[in-house]
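Quick notes on the structure that follows.
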Amino acid sequence: MNATLSRRLREHVPLLVTALLLVTMFSVGSVSYQGFFSGQVLLNLLIDNAFLLVVAVGMTFVILSGGIDLSVGAVVALSTMVSAALVEHHHWPILAVVPLVLAIGAGAGWVMGWVIHTFEIQPFIVTLAGMFLARGLCYTISVESISITDSGYTSMAQARIPLPGGMFVSPSAVIALLVVVAAFVLLHHTRWGRNVYALGGSEQSALLMGLPVARTKIGVYAVSGFCSALGGVLLTFYMLSGYGLHAVGLELDAIAAVVIGGTLLTGGTGYVLGTVLGVLVLGLIQTVISFQGTLSSWWTRIVIGALLFVFIVLQRLTALRRRA
Amino acid sequence: MTKHRLFWPAAVLAALLLANVAFTPDFFAVRIKDGHLYGSLIDILHFGAPLILVALGMTLVIATGGIDLSVGSTVAIAGALACLHISESADPGGLGTVLTAAGLALLVALVLGSVNGFLVSRVGVQPIIATLILMVAGRGVAQLVTDGQIITVTSGPFQLIGGGYWLTVPFAVVLAAAMVLLTALLTRSTALGMLLESVGGNPVASRLVGIRAQRLIALVYVFSAVCAAVAGLMISSNVSAADGNNAGLWIELDAILAVVIGGTSLAGGRFSLGGTVLGALVIQTLATTIYTIGVPPETTLVFKAVVVIAVCLVQSPKFRAKLSHRRRSGARRGSRSESAAPANLEVGR
């Protein structure tokens, strides 16, 4: 095997491990549990995790650029809250609410990116403040959960798109897949996408090469904010309510999905499709635990933590070997 | 005086305390009832004690340029283990049982801290991510320990840790003060503090002058976990119950905030234990103030966000440079237009 090929293979090791893990988990589940081996179980993974998928895709951009965004869960919660308040209390039409929420999310991300870039403050502390602010703003709207009875939202929540073989998906799942496709094109086939990778590889070099570091960095957080807001819209469809405690800990799930999907936490290396695999793995853990029945749901968090541990150590080992 | 690094945290604390007097005139009143000290100030110290402890551990971690997100989970695990042990023992009120329970919690904290320390110092994972793992999994472990229930215990000695009084002062305050003093002695009367700052300031240079950075870094994570475990014992003892879900929720953020308000730089390299204690008290006073004003307590988060951003901006060299540049250019413009008046030159200086 020649050197380039082996290096390329090694870069894909985390991705291959994730794919293998996914297949193994699905096979073991299919053998162990009645009714597990069906296309609908796979489609349900997409339906139940559509919002996580969208948020994780946004997080992929940020982590690829060498940053981190801890505000995503809070922005999701704020989006559900704003949607619910506008629809229920002010009777806005759904077509006006959704663009506004998306604009708020993208705007919030843009501001955070601007602060990070302009004042050179660590991303994690800025997005932490963003997280506090967004959660706090939820409570200034309402401390209680607001449930949605608007017909536009309920019909979106109940809509199912039939597929051949008696299977179906929800519109949210389709939106999430479209986001994945858009992110794939943006990241792997545009100049801006290359800039994101360059920024994550080495900000210094990117600057010296004359790449638009400021625009790229701020853009990355704007994309993440937009994706969080869209995730919030999808979660609103899913939960039919707005609540300040929605999506607590979602930032961790999103980071876990990105890492399990083979994106390096130091930035510069990774794939959008890896993140999709990561989200599917997280979803499958939940499915297996619910099929098992006897295991309590908090095992999910423990298993996710353990997986994160394994993958991070794996990343370090491959990184060390590459340097050696 | 404004140059002293404890000036700003102390000023904010004083301002917050004074603001409270406007709403509750007898805010500063401290009286003795049944041999215990009572009053709002005592309450702030009492309820702030766990936060002071967690922030204490966090200060040393941040001094080395790291961060520990897992303290909230450690708080929950420690409380859960201690309560489980006490509730299952034959003699829940016995001193031996409580000491074993506390020992068990501290032992587990040692293990958890070592895992964090190992990941950061040996494997070389970024601290945010390394401790994130335990933050995610830890809540699950705490739930597993309590079996998803809230374990309530009735044990006199255990209740002393967080809810009891010792020589009229809340025992939690005594415990926190003792830990702070001990840490201050260990770090400031020995070279340990300087070594930690050196590792945080420049790890490579520290290694070259012969400091065993790896061991020091692992040590601060263990210390942070132990502090969190003691805080966990306090929190669960104060309510005589362990709640795997909510015990210590968001405490890592409050602790980071306390450290930052106290003037410790997040970039590492210098720390101030006194500042951290002031910072923790500022946060606790803020929470108390919000309760007394009657604003929904959940909106505290908005205030905290504003404080974080303000403090970080002030700490950011770029922001300072821009601000002083603007001030200087503004002054220059001012002095140019009135260049005849030599007194104005003072402004530019």
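Each residue's number is its place along the chain shown, starting with 1.
Backbone N, Cα and C define each Cβ position, glycine as well.
The annotation transmembrane segment is assigned in TrEMBL to A:12-33 (among others).
Feature annotation from TrEMBL assigns transmembrane segment to A:45-64 (among others).
The annotation transmembrane segment is assigned in TrEMBL to A:94-115 (among others). If one looks beyond the transmembrane segment (A:94-115) by at least 6 residues along the same chain, the residues whose Cβ comes under 8 Å of a Cβ in the stretch are 69, 71, 75, 78-79, 82-83, 86-87, 121, 126-127, 130, 134, 150, 152-153, 156, 217-230, 232-233.
Taken from TrEMBL, the feature transmembrane segment covers A:121-142 (among others).
Residues or ranges marked as transmembrane segment by TrEMBL: A:163-187 (among others).
Outside the transmembrane segment (A:218-240) by six or more residues, the chain places 48, 50-52, 54-55, 57-59, 61-62, 64-65, 67, 69, 71-73, 75-80, 83-84, 98, 101-102, 104-110, 112-114, 116-117, 123, 127, 147-148, 153-154, 156-157, 170-172, 175-176, 179, 192, 196, 199, 246-247, 250 with a CB less than 8 A from a CB of the stretch. TrEMBL lists A:218-240 (among others) with the feature transmembrane segment.
Taken from TrEMBL, the feature transmembrane segment applies to A:252-285 (among others).
A Cβ distance under 8 Å defines the sequence-distant neighbours of the transmembrane segment (A:297-314), meaning residues of its chain 6+ beyond its ends; these are 13-14, 17-18, 252-253, 256, 259-260, 265, 281-282, 285-286, 289-290. Look at TrEMBL and you will find A:297-314 (among others) tagged as transmembrane segment.
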- Query: Which one of these stretches, A:45-64, A:121-142, A:163-187, A:252-285, has the most C-beta pairs shorter than 8 Å to the transmembrane segment (A:12-33)?
  - Reply: A:252-285
- Note on the structure: Other same-chain positions with a Cβ less than 8 Å from the transmembrane segment (A:45-64) and lying at least 6 residues past its termini are 72-73, 76, 123, 169-170, 172-173, 175-177, 179-180, 183, 187, 196-197, 200, 220-221, 223-228, 230-232, 234-235, 238, 247, 250-251, 253-255, 257-259, 261, 263-265, 267-270, 272, 275-276, 278-280, 282-284, 286-287
- Message: Using Cβ atoms and a strict cutoff of less than 8 Å, what residues sit near the transmembrane segment (A:163-187) while being 6 or more residues removed from its termini?
- Response: 39-40, 43, 46-47, 50-51, 53-54, 57, 60-61, 64, 156, 193, 196-197, 227, 230, 234, 237-238, 272-273, 276
